[in-house]
Amino acid sequence: MSTRVEPDEAASTRKIKYGAAMSYTQIFFGILSGLIYTPWMIQEIGQASYGLYMLTISLISMFAMDFGLDAAVSRFMSKYLAEGSEEKAARFLGVAYKLFIGLAVALFIILAVVYFFLDSIYAGLTPGELDSLKVLYIIAGLFIVVSFPTKPFSGILVSHEQFLFASALHLGEKIATVVLMVTALVLGYGLYALVLVNAFVGTLVLLIEYVFIRRKTTVRANFTERDPGIYKDIFSFTSWSTVTLVAQRFVLNITPSLLGMLAGSASIALFSVGMVIEGYVWTIASALGFLFLPKVSRMISRDDRGAIATLFVRIGRIQLYIVGLIVTSFFILGREFMHLWVGEAFNDSYYIALLLVAPSLVTLTQDIGNTTLIAENKVKYRAYASLIVAVISMTLSPLLIPIYGPIGAAFAICLGNTVGLVLYMNVIYYRVLKLDVAGFFRACHLKLLPGLAIYTALGWGIQQLFPATNLFGLAVKGIGFVLLYTVIMWLLAFDDSEKGLIRQVFAQVKLRILSIHHTS
């Protein structure tokens, strides 16, 4: 029997706030450690060994696709819990675990077959490098296969709104991994230690997640009762999610190959640096989206379209503050950053990165729309959008690359994203989800435009007057720009609720500092 239990929405909002804060802490640590730790690691183990390490990770990741099942667990668990149907949630979990176990077996077979062809696939490697690759491949492959059946853990935590625990745990995972890797390399353990540390810390995290889920959640997987409807729902959801994943990977994986064939290897490096910047922007701006899936699922179960529309605008404004700061600041400081970070040879990477991140001023501010598509099991529209992006990008890239090089490839992807993820998706949000898209742009982009324009103009002027000569000087200037942006947005864009949210955060931080000082 299903009994709907109305959750405490105030408690849900607090969980989202704390989860968001911890998610951003995790993200910034990951970016900072990547910028500082990765160059040191390459210096310690050598460029060739680092190449083998990354080759192993990318090779195994290529086969370890979950076909959207991970997202399906989050979606359906959130839906069933919102409806108060723990029995159906339990049956769904049983099906999900069975599917992941089946995928793990298939993955083991595929990886085992590939292992026996490594000599042929990577004939250009030396015998010593091949031996090292095989050892790394076995360690990383076994960990991926063994951990694959635990994939539903993340979806269970999301559906129960355990965002703070999940983000804190993964922050701890990143810190522990870096600390143990540094220790291992300092002690002279070398290349194999990197993969062993990843496997050890990853296994420990899975054990902690398992214990937490057993103690803090009530839903248990039901492996005995069969429900054909669940298989049908999962297949419908994952088939379209797979189309989206394949289309996205197609663009990312094919573009470097096209550049290599049509413009030379140097263009791949230029494009890759731009992709790194785009990846950072996406990671930072999209941290909020997954937090709202349970809340949106409850709104849908109550048929509360007004609440979804309000959330669409509210979260969109917050995301635009973040994306707007990043994109406009990169427009102002990006050329200087590229010069100081990777050298003059990568000047074109500035324009590549700008083209890749420009559509994010819209796409990354509409996460609630995408989350609503997931919650309503209408992910096929996102798949259509990804196909549009892939078709436009892959049609134009071969035409533009011979003339404009990697900038041409970036323009093709930018145009594809604009047509598929901006124009087409906003038609879907309006016609399918019945969201007030025009009202969204008025409340978000139009209201924030004066502040963004003034910040960009002032920032550009300051940049011309005070160029930085090193990364430290650039970082100090960047902090000043963040403060300038905050002041301008406070005066011109923040509404009363947003100002109240900022005051609340500072009050909580002040209270925490005073309590620590008092106890010490």
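From the backbone N, Cα and C atoms, a Cβ is placed for every residue, glycine too.
Predicted, not measured: the structure shown is a model, and the values here were computed from it.
For 21-40 (among others), the entry in TrEMBL reads transmembrane segment.
The transmembrane segment feature in TrEMBL is assigned to 52-74 (among others). Packing against the transmembrane segment (52-74) from elsewhere in the chain are residues 45, 92-93, 96, 99-100, 103, 107, 110-111, 114, 122, 129, 132-133, 136-137, 140-141, 144, 148, 151-152, 154-156, 158-159, 191, 194-195, 234, 237-238, 240-242, 244-245, 290, 293, 374, 379: each is 6 or more residues past its ends and has a CB under 8 Å from a CB in it.
Per TrEMBL, the feature transmembrane segment maps to 95-118 (among others).
Summarising the annotation, TrEMBL assigns transmembrane segment to 133-151 (among others).
As annotated by TrEMBL, transmembrane segment applies to 163-185 (among others). Sequence-distant neighbours of the transmembrane segment (163-185) (same chain, 6+ residues past either end, Cβ-Cβ under 8 Å): 15-16, 18-20, 22-23, 25-26, 29-30, 33, 37, 41, 44-45, 154, 157, 193-194, 196-198, 200-202, 204-205, 208-209, 212, 216, 291.
Within the same chain, residues 41, 45, 49, 52-53, 56, 132, 135-136, 139-140, 142-143, 146-147, 150, 153-154, 156-157, 162, 165, 169-170, 172-173, 176-177, 180-181, 184-185 sit at least 6 positions outside the transmembrane segment (191-213) and bring their C-beta atoms closer than 8 Å to a C-beta of that stretch. Under the heading transmembrane segment, TrEMBL lists 191-213 (among others).
Residues or ranges marked as transmembrane segment by TrEMBL: 279-297 (among others).
Remote same-chain residues near the transmembrane segment (318-338) are listed as 273, 277, 281, 284-285, 288, 346-347, 349-350, 353-354, 357-358, 360-361, 364-365, 367, 444-445, 448, 452, 455-456, 459-460, 463, 467-468, 474, 477-478, 481-482, 485, 489, 493, 498 (criterion: CB distance under 8 Å, separation of at least six residues from the stretch ends). What TrEMBL lists as transmembrane segment is 318-338 (among others).
Taken from TrEMBL, the feature transmembrane segment covers 350-369 (among others). Counting residues 6+ beyond its ends, the transmembrane segment (350-369) has Cβ neighbours under 8 Å at 270-271, 273-275, 277-278, 281-282, 285-286, 288-289, 292, 296, 308, 311-312, 315-317, 319-320, 323-324, 326-327, 330-331, 334-335, 338, 406-407, 409-411, 413-414, 417-418, 421-422, 425-426, 429, 433, 435, 440, 444-445 in the same chain.
Residues annotated as transmembrane segment in TrEMBL: 381-401 (among others).
Residues annotated as transmembrane segment in TrEMBL: 407-427 (among others).
Residues annotated as transmembrane segment in TrEMBL: 448-466 (among others). Beyond the ends of the transmembrane segment (448-466), by six or more residues, the same chain brings 317, 320-321, 324, 328-329, 331-333, 336, 477, 481, 484-485, 488-489, 491-493 to within a C-beta distance below 8 angstroms of the stretch.
Sequence-distant neighbours of the transmembrane segment (95-118) (same chain, 6+ residues past either end, Cβ-Cβ under 8 Å): 59-60, 63-64, 66-67, 69, 72-73, 130, 133-134, 137-138, 141, 144-146, 148-152, 155, 221, 223, 227, 230-231, 234. Proximity of distant same-chain residues to the transmembrane segment (279-297), defined by a Cβ-Cβ separation under 8 Å and at least 6 residues beyond the stretch ends, is recorded for 9, 12, 16, 19-20, 23-24, 27, 30-31, 74-75, 78-79, 81-82, 158-161, 163, 308, 311, 315, 318-319, 322-323, 326-327, 330, 357, 360, 364-365, 367-368, 370-372, 374-375.
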